[in-house]
Number of protein chains: 2
Amino acid sequence: MSTGHHEASWRLPESDPYAHVDLDHYVRLARIAERGTFDSLFLADGPHLWGSIAQRPAGALEPLTLLTALATATEHIGLIATASTSYNSPYNLARKFASLDIISGGRAGWNIVTTAGAEAARNFGLDAEPAHAERYARAAEFLDVALKLWDSWEDDAIVADKAAGVWGDDAKIHPPRHQGTYFSVEGALNVPRSPQGYPLLVQAGSSEDGKAFAARYAEAVITAQQTLRDAQAFYGDLKSRTAQAGRDPEHIKVLPGIVPVIGATEAEARAAEQLLEDHIVYDHGVSRLESLLQLPSGTLELDAQLPADLPPESAIEGAKSRYTLIVELARRERLTVRQLIGRLGGGRGHLTFAGTPEQVADQIETWFTQGAADGFNIMPAVLPSGLETFVEHVVPILRTRGLLRTAYGPRQTLRERYGLPRPANQHTAALV
Amino acid sequence: MSTGHHEASWRLPESDPYAHVDLDHYVRLARIAERGTFDSLFLADGPHLWGSIAQRPAGALEPLTLLTALATATEHIGLIATASTSYNSPYNLARKFASLDIISGGRAGWNIVTTAGAEAARNFGLDAEPAHAERYARAAEFLDVALKLWDSWEDDAIVADKAAGVWGDDAKIHPPRHQGTYFSVEGALNVPRSPQGYPLLVQAGSSEDGKAFAARYAEAVITAQQTLRDAQAFYGDLKSRTAQAGRDPEHIKVLPGIVPVIGATEAEARAAEQLLEDHIVYDHGVSRLESLLQLPSGTLELDAQLPADLPPESAIEGAKSRYTLIVELARRERLTVRQLIGRLGGGRGHLTFAGTPEQVADQIETWFTQGAADGFNIMPAVLPSGLETFVEHVVPILRTRGLLRTAYGPRQTLRERYGLPRPANQHTAALV
C-alpha cells in the first residue's frame, strides 16, 4: 500500500516517500477503512527486494508483523497477511497466524501464495524458482499440515481446574504425525485453537493450478480482472469448481481488485489520472514490464506495441494468469508499451477506473449485481487521500443503495463478517 | 510469563489460567514494567509443545507476534523476543526483526537460541535433534547472514527526490550473495535499515559453545546462577572472553535471572513461597525433571536424592549448562527430588529469593556491586501481582540507592538505554 497503488504516487506533493515504513501511516489507513466499515485490510508481499530501488519506494514491513501492530490499533477490521508456502515452514507459520488470530480476537486472514520468481528462491537456498506445478503441490501439502496443526488442540482442551490441579486434557491434543513429500511435522501446535479455528484462507492465483487450489481451500479469492465479461467468467468458473470440489459455492468469496481514481467531475478524475501518468518514469516501467513478461532486457520499445511472438502462458513459470491478463489487455486495446505502462502503473493489472463517486459506485454495483464479484479489493491510486475520498464520497452512496453496512455489528470474527461458518475441528464430530 | 514463573502459579485464586493467550494480560504486565522503568520485556520460547498439558498452562503466543502487539501499547520498554537459529531461515527472521525494530522505534531485541530437544526437531522435518556443536555452527552462520541482510541497505539508501523521480540509490544496496554450509542467501533484505541497525543481540546459553558464541556476538546475556560465587565466576569469564574476542567487555551486559517472592515480612514471604510449593503437582515434576536430566521414566524417587551415577555434561546434547546447574544444586544442598522440584518450580534453575523488599533490594545490590551482574532478569513467581509488588516496593528502594533510573529519558532505542553504540554498517567506513 504505502503511498498508493499507482507506482508514481510517491512523487505527488502530498505523499510521504517514507510511508512504507511508517506505522502511523498504516494506522491512519486502517482507521479510515474502519470508518468506511470495510471488511478487511489486505497486504500483498514477496520475500525479496524487487529489482532497482531507484524509481519507486521499495521494501515493506513484513505483513504479519505490521498487521499485528494494527490489530491493537483497530477494533473491527479483518487483517489479511500474505505469506508464502514455498518459503516458510508450516509449524512457524501456523503458529504465527494462530497468535494473530488470538491477539486480534478472530480477525486474521492468510493470503496463501506460492511466490513466483528466482529472486525469492535464491534468498532461501535454491538456485532457481521451483516449477509452477511443484509450488502448488507443496502449497497443498502445506495447507494439509497447517490444518492439522490448527486442529491439534480441540476447542475445549483447556480444563483449568485449579482445585484438582488439572490444567488441560491430553486426550484433546492431536499431534499431526505428518510424514509427506515436502514436510514432516510430528507434534501439536504450541498455541491453543484460535477464535476462528484458523485464519480465513485467501488466495490470489488465477492460473489453472491456482483455481484448482482455490476451489479446494480458499474462502476468499482476490483477482485482477479487466472487463465485466472476464470477471463474470472467472466468477462462474470458480463457483462451479468449488461446487465440484464438494464445497458450498457461497463459501468462496470472489473479490476483484479495483483502482479508483475519484474526482468531483469526470474531468477532475481524468486530470488526477493524467497527473499520475505524468509522474511515471517510463524507463523503469519498460524494464519492469520486460521482467513481468520474461523478455530479455531491451526487447520492448516505448512507442511500439508488444512483439507478436510472445510465448504462451504454459511456458511461463512465474505469475501465469497475470502474464496472460497483461498480454490480452495490450492486444485488445492495441496499446503501445508506453500506454500499457500507464495502465499498469495504476494497479499492475487490476482494473483502474477514473470517475465521479457515482460512477465508481455504479461500476461496483454492476459487477456485484451481475455475477462478477462478491466484494472488492479497493486499491486507491494514492494513499491515504484516495481511501479518504472513497470513504467520504463513495461509501455513503453504496450505503444508500443497500450495498454496504452502515455500521459494524457487535464484535464479529472476520469469517462471521464474510457470512462463513467457523470451521469444525477435524477431530470432533459436530460443528462447534 | 503467563501467570508467573512458578509452575504452580496458575492454581492461585488470583490467577487467570487463560492468561497466556490473553493480550490484555500482557499489556498490563508491560505497563507495570514501564511504571517500574524497566529496560525491557523478555519472552522465552521453543517451537514445540512441551510434554503433557495436564498440569500446567501450555503453549504460548509466538513471541515476535506478541511483542509487536505490545509495541503499540507501550512507549519506552525494550521488546526482546526469543527465536531459534535452528528452525528459521535468516531472510524471514531478519526481516521480522527489522520490521519490529522499525514499528517499535528501535526497541527490538533478539534472544538467539539454538533450541535443544528432539521434539522441536521433529516439527521441522528432522528425525532427531542436531548435535550441540552443529547447532552452534549453524547459529554462527545464521548470525553472519542476518548481519549481512541488516546491513544490505545503507542508512542513507533512500534519496526520496520527488522532482527527479529518484527514490533510492542502488549503489547503497548490498546483496549478501552468501554461499555457506547451512545457508545460501542471494539478495538484499526488503526492508530498509532499522533505527538500531539491527535488534539488540541477546543470548542465554551458558555452555562452552554458548559462551564462545556470546563473546563473539551477544550484547546481553541472560543466565541462571544459583550462588554469588558462581555468578561472579560466570561474569568474569564472559567479560574476559569478550575482551579476547576483540570486543569491549562493557559492550556485553550480564543479566542473571532472579525469582523474587516478596512479603512485607520474612515470614510473609516464606508463607507465600510455601503456598506455591503446596500447589506443585509432584508427579508432573518428576517426569519433567527426568526429561531435563535425560533419564528413563521411573528413574527418580520423590524422597530420595538424585542417583549418584549421572552422566557428565559432555554427554548431554540438550541444555548443557542447565543440566549441570540442576545437578550441582541438588548435590550441594543434598536435596531430595521433592525438594529439588520445589526449588526448580520457582524458576527452573533461576535463583528463587523469598524476602522483604529491603532484602530483595540488598540481594540485587550485592550482585550488582560485587561483579556478578550488570542488571537482572526479574521473573516474578506470580504475575501480574509479583511484578506489581516489585515495582511498588522494591523499585523505590533501588531508586533511592541510585541503582535504577527514576524516569525514562527522552525516547531512546533499546541499545541506547543499555549504553551501547549503534552498530556501524559494514559497508560504510565510519560509525553512523
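Even glycines carry a Cβ here, placed using N, Cα and C.
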What does TrEMBL list, out of A:THR74, A:THR82, A:THR85, A:THR242, as binding the same FMN as A:ASP45, A:HIS132, A:TYR136, A:SER206, A:SER207?
A:THR82
Taking the residues the record says bind FMN (A:ASP45, A:THR82, A:HIS132, A:TYR136, A:SER206, A:SER207), how far apart in Å are the two Cα atoms that sit farthest from each other?
18
Applying a 10 Å Cβ distance cut-off over all chains shown, what neighbour count does A:TYR136 (FMN binding site) have?
21
Where does A:THR82 (FMN binding site) sit in the DSSP three-state scheme?
strand
Conformational class of A:TYR136 (FMN binding site) under the three-state DSSP mapping:
helix
